[in-house]
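What follows is a set of notes on a single structure, which appears directly below.
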Amino acid sequence: MEAQAQGLLETEPLQGRDGDAVGSADFSSMLSEEEKEELKAELIQLEDEITTLRQVLSAKERHLVEIKQKLGMNLMNELKQNFSRSWHDMQTTTAYKKTHETLSHAGQKATAAFNNVGTAISKKFGDMRYSIRHSISMPAMRNSSTFKSFEERVETTVASLKTKVGGTNHGGGSFEEVLNSTAHASSQNASAGSRQTKDEELQC
């Protein structure tokens, strides 16, 4: 059974090819000798016309190249022009316009975000500088052990100077009072020294 089916499969293509050949033979056999001659003449004419058209096309292409060379249009310029034209056509499409608008909007958002970050950083540095200056001038610093030690030494030194100069206030005082007293005592000492110098000059 399988051998018979295979035989049928093998014979069918052959029968089809034979049918085509028979059809061609039948079609050509239907033409008369006069019609065959007319078709052959028409075939020759068509081939001649195609050859002539190819020659004309080749001549036109050569003439086109000559004109472009005279106008200074080379292949690179043509490519640039084609690219520019294609780019312009692409920019006018709706998809490109939507994409361009989306990217522009995103760029504006990014720029605004960077500006906000820069402003925040500048403000933070300004607050830090103010905090440092404020902390230096705060009373808490004057209450530190280092500043108190320095203040006590200054008061002690000034008190000893006042004792030598002849001041009456030996009770210390605040740091500002000590500084004022020292300045006053120094001016008195300078005045006494100048009077003593004048007296010596008069005695001479």
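Just so you know, glycine gets a Cβ as well, placed from its N, Cα and C.
Because the structure is a prediction, the values reported are computed rather than measured.
Taken from Swiss-Prot, the feature coiled coil applies to 22-73, supported by sequence analysis. Taken from Swiss-Prot, the feature compositional bias 'Polar residues' covers 179-195. What Swiss-Prot lists as phosphoserine is SER29, SER86, SER122, SER131, SER149, SER174, and the listing cites similarity to another entry. Annotation source Swiss-Prot lists omega-N-methylarginine at ARG133. What Swiss-Prot records for 1-31, 164-204 is region 'Disordered'.
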Candidate nearest SER86 (phosphoserine) in space, where candidates are the modified residues SER29, SER122, SER149 and distance is Cα-Cα: SER122
Cβ packing number for SER149 (phosphoserine), 10 Å threshold: 10
Overall pLDDT of the coiled coil (22-73), taken as the mean: 86
Greatest C-beta neighbour count within 10 angstroms, which of the modified residues SER29, SER122: SER122
SER29 (phosphoserine) and SER149 (phosphoserine), distance between Cα atoms, whole Å: 136
Local Cβ density at SER86 (phosphoserine) - other Cβ atoms counted within 10 Å: 10
Cα-to-Cα gap, SER29 (phosphoserine) vs SER122 (phosphoserine), nearest whole Å: 101
Three-state secondary structure, SER29 (phosphoserine) (per DSSP): helix
